[in-house]
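Below you'll find the structure, written out as structure tokens, and then a few comments.
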Amino acid sequence: MEDDDDDQRLLHSLGVTSADIHDIERRIISQATTDPADSSGPTINGGHQPDDALAKLHHKLRSVQIEIDAVASTIKGAKLKQPSGNKPHEHKGKDQPDHHGAGHLQQALAADRLTSLRKAKAQIQKEILQSHPSPSASNRKDKMLAMLVQDEPRHKKPPVGPKNIVKRPMKTVTYDDDNNFDAVLDGASAGFMETEREELIRKGLLTPFHKLKGFEKRVELPEPSHRQDDSAGQTEEAMEASRIARVAQSLKQIAQNRPATKLLDSESLPKLDAPAAPFQRLGKPLKRPVSPSSDEQEKKRPRNKTKRPLPGKKWRKANSIKESSLDDNDVGEAAVSVSDDDEDQVTEGSDELTDVTLEGGLRIPGTLYTQLFDYQKVGVQWLWELHCQRAGGIIGDEMGLGKTVQVLSFLGSLHNSGLYKPSIVVCPVTLLQQWRREASRWYPKFKVEILHDSANSSSKKSKRSSDSDSEASWDSDQEEAVTCSKPAKKWDDLISRVVSSGSGLLLTTYEQLRILGEKLLDIEWGYAVLDEGHRIRNPNAEITLVCKQLQTVHRIIMTGAPIQNKLSELWSLFDFVFPGKLGVLPVFEAEFSVPITVGGYANATPLQVSTAYRCAVVLRDLVMPYLLRRMKADVNAQLPKKTEHVLFCSLTTEQRATYRAFLASSEVEQIFDGNRNSLYGIDVLRKICNHPDLLEREHAAQNPDYGNPERSGKMKVVEQVLKVWKEQGHRVLLFTQTQQMLDIMENFLTACEYQYRRMDGLTPAKQRMALIDEFNNTDEIFIFILTTKVGGLGTNLTGANRIIIYDPDWNPSTDMQARERAWRIGQTRDVTVYRLITRGTIEEKVYHRQIYKHFLTNKVLKDPQQRRFFKARDMKDLFTLQDDDNNGSTETSNIFSQLSEDVNIGVPSDKQQDQLYAASATPTTSGTEPSSSRHGQGKEDHCPDQADEECNILKSLFDAQGIHSAINHDAIMNANDDQKLRLEAEATQVAQRAAEALRQSRMLRSHESFSVPTWTGRAGAAGAPSSVRRKFGSTLNTQLVNSSQPSETSNGRGQSLQVGALNGKALSSAELLARIRGTREGAASDALEHQLNLGSASNHTSSSSGNGRASSSSTRSMIVQPEVLIRQLCTFIQQHGGSASSTSITEHFKNRILSKDMLLFKNLLKEIATLQRGANGATWVLKPDYQ
């Protein structure tokens, strides 16, 4: 409480009032969902609270009924397919991750969920009956009396006219007639209803395989200790025999139900061709010639970097002693002997600490088991259940809950049970020493080796090693090759030591895995663990394809943010831990991602919304058993309170002038015209918001006045906040996105004589743990400045209790990672987080999109990516400055004016209550008073019809998927019975067809080994249609595509259509948005109608694989799939020498394209060709990528 008062006094002294970030998100979402013209809210809330509560129960009941129907349809669909699926079940075996095992698991989960939903429905019905028993009874009596009294008038109704009878069904309840929007939002838009089982899984009390025969591995009870008499011996033998029989029966069930099949009849599946390009690796990149002058500049820069403070001698010495003790093999053997002594001590007290045994034979050391939290014990049990299925999984626990401890405990238990094989852990370079330290603490018997230059004690000053995982190359698909300082022979010796040891554990980085893939990818590992595994979220990135070639079926991903942006990223993660579980990427996008995305559009039809819901149900059942995610609030983690404030800072005079000058420049016009990359303009604006001197860094970095805090609004806020925090005894973490901003911050801290430490991509890996240890264990260091991509990943910085996030990131999970560095297990003080955002600028747009993406991520199966492809109006929205125009109205002021009327911004004028930010936005003497809003209770003002553009922008941020899908969902629930049955039936057919297409895609992918990357539409080999390789080849990372066995191709193309009709890349979001904008509801519904006819259409087109034109002309009523159409366009232009006139193209395709699809056709043509005008007229010329 004292800290809260101190914070409030600090903010008031700065002219700032704090805002609770969760309240901001809730208010923004609720404002975006509220109709501005609706003025009936206050009257409803006047005196009808019981009616509102009853309405909420009714809406909840309807949403539960909708989900019951959806889950029941999946069970019925599975049962209907069982008789026809007997023949395929005869082909069971090892290499096919599909069929009976997966179907049995999904059906069991669906049946359990259906039971829980029915219980919830009965409970809601009971609550409804209990809420108003007497009025309902009186209403029934009134209705009965009315029926008796109106006997005579009832005979007069038929002659009145049949028109009224016809019109009555038209008066169905619509959303506009439903004033209880909050009830609709709670009941329908909140996603799937959480059952009791799912709640227990979320709280860490159960595993996803609880009470599923053949999948659950329970803890076996310890055997009784008194066994002297013969009867006890007989019971012991009986128990041992029963245990063996039970294990044998369990293994038999696993062999039968495991999601794998063996194909005995290869003629029943499509054939695959060999890859179009031979398997080869890229050569060394060319080095640009460097002039002597530039070489001297490069030498000067590292000298400047060495000025940063190093860890204290005490901590450097302690860290070097720890590393040398772990590096030295002799000391390692001594450590093993010490652990043996510890084992002797444990055996002395074995009566108390015996091994805990799970079904199947996993023995968890007693000393280890007692140190784990309950949810961590459940995590170890879940990993063992996955091990018995020969499958992998994603540990998606929230940051700070001990994912590393759970993995090491499980690997140690495997070693203790004699089931361990040498394993590999891939992680960012910052976490290498932390992994080694945790491994030596939790299971000292592991012989840990680090495959990285930082572990080489002989090369003390190898600076290049620290650059390999810098934030500059973090998200790059084409990372620079880092020359290893160790000779290849030494790497070979290190790898051979790990592989030959029965307890070897290899730690390396993603970059080293990419460089040394030839050595590491040929080894059969026991386990492959990817820490911060969202690094492979891009399915076509080179590092992703390298990781998917690791030779093991036991794969684990550790990430605190398993779902960040879109469904294709979720596919990439799951395809690593369970190859082929979600099919190939083009089929997954067509059958799941596109329907779910289209169902979330504002103009989605009821059929599209229902289809999206059914597809989401199927996808959830596929994914959830292999994704374990627990939150801090659910597992009763003993953590202190965390509060988060958002401080909106004003631009200084210099910043505002620079910002406006850039917006008026020709460069912005080039961005609007599409002649320049928009990311360039976004980067310039964000630099201006941080500090305008960043634009002149190359020329003015040596100027003594470079980085003056008076020229940056956020720097002035930081200066005042740090001064107060220093006096109050707090310790601070400050995160920025770039090293350049850290340079300015470092100069500022040096001038203010603050004790600080710095860590970024240029910090040598050997110093990072020493820096972290020094900051956590001594109070001398006041502030630790870091970049979010290096210091915000997996590090433990509990020594701080104040965090400043200087600039927001487009990806909310990045800021979330940085925030969780201090608020985690081990923290003893309350944590306060400050986010600094420059008001009215692009940073405010980034922050609002963060809220939007976070809101959609919580719905798990929604795709927030649709706003990532910016159109013209989005660009104009980004490249604007809204600070003192339009009476000082900004997006933020609109939000906070609805939060509270009592907002103190340092200008106590009543006349300016409606212009909260006008005074602080205009230049004042100080120029940069930050402003924010306080969490309060004030009446909410609805935006009028003539609302500002900012209100409309806020609505457009949220009207895309989550909110309006709830509206359409409610319209479906209120539809009449006939229409509802038809919609549900059609949606069920689409969902079942999607599941069938996914099943066939898995069968196709199963031809290849688990170590062959899955086809993504651009890269990979497993499951790729042969026609794609024949026409386009592998357009990316051909060096990572393994050669498969050549096979016959007589029916390759037709069968590729049978697994989803996707040849080539899937429909992009930009094309999809253009299609929906051009054809409104018709185009989207036609696309889904085409999916309804996909199965029958593929049967017709398979017979004409050589000539797609004949089949398409005979089915004119059917819309051609965009992926097929773009391939036909490319083939036609190639046949005409790479160029064709508009007349010839139109003449050729006029009988295939419907009039309402002409806009899609034009966009597809622009995607692969450019229009060139010459003397002979205009011609379309293929782009180089398609020639």
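The backbone N, Cα and C atoms fix where each Cβ goes, and this holds for glycine too.
Look at Swiss-Prot and you will find 31-43 tagged as compositional bias 'Polar residues'.
Sequence annotations record features per position, and here Swiss-Prot assigns region 'Disordered' to 31-53 (among others).
Annotation source Swiss-Prot lists region 'Disordered' at 75-102 (among others).
The compositional bias 'Basic and acidic residues' feature in Swiss-Prot is assigned to 92-101 (among others).
Residues or ranges marked as compositional bias 'Basic and acidic residues' by Swiss-Prot: 217-230 (among others).
As annotated by Swiss-Prot, region 'Disordered' applies to 217-242 (among others).
The region 'Disordered' annotation in Swiss-Prot covers 265-351 (among others).
The compositional bias 'Basic residues' annotation in Swiss-Prot covers 300-319.
Summarising the annotation, Swiss-Prot assigns compositional bias 'Acidic residues' to 339-351 (among others).
What Swiss-Prot records for 384-580 is domain 'Helicase ATP-binding', and it gives sequence analysis as the kind of evidence.
Annotation source Swiss-Prot lists ATP binding site at Asp397, Glu398, Met399, Gly400, Leu401, Gly402, Lys403, Thr404. Annotation for Met399 (ATP binding site): same-chain Cβ neighbours under 8 Å, separated by at least 6 residues, are Gly560, Met816, Gln817, Glu820, Arg824.
Marked as region 'Disordered' by Swiss-Prot: 457-480 (among others).
Among the features that Swiss-Prot reports, compositional bias 'Acidic residues' is placed at 468-480 (among others).
Counting only same-chain residues 6+ beyond the ends of the motif 'DEGH box' (531-534), those with a CB under 8 A from a CB of the stretch are 394, 403-404, 425-428, 431, 435, 557-559, 561-562, 564, 569, 573, 576, 793-794, 813. The motif 'DEGH box' feature in Swiss-Prot is assigned to 531-534.
Annotation comment: Swiss-Prot describes 716-876 as domain 'Helicase C-terminal'.
As annotated by Swiss-Prot, region 'Disordered' applies to 916-945 (among others).
Under DSSP, Asp397 (ATP binding site) is assigned to coil, being neither helix nor strand in the three-state scheme. When averaged over the motif 'DEGH box' (531-534), pLDDT in the model lands at 89. Cβ atoms within 8 Å of the centroid of the Cβ atoms of Asp397, Glu398, Met399, Gly400, Leu401, Gly402, Lys403, Thr404 (the ATP site) belong to the same-chain residues Gly560, Arg824, Ile825, site residues excluded. Candidate binding-site residues: Asp397, Glu398. Fewest other C-beta atoms within 10 angstroms, Glu398. For the motif 'DEGH box' (531-534), DSSP puts the residue distribution at 2 helix, 1 strand, 1 coil. Secondary structure at Gly402 (ATP binding site), as computed by DSSP, is coil. Over all protein chains present, the Cβ of Lys403 (ATP binding site) has 25 other Cβ atoms lying within 10 Å. Within 10 Å of the C-beta atom of Gly400 (ATP binding site) sit 21 other C-beta atoms, taking all shown protein chains into account.
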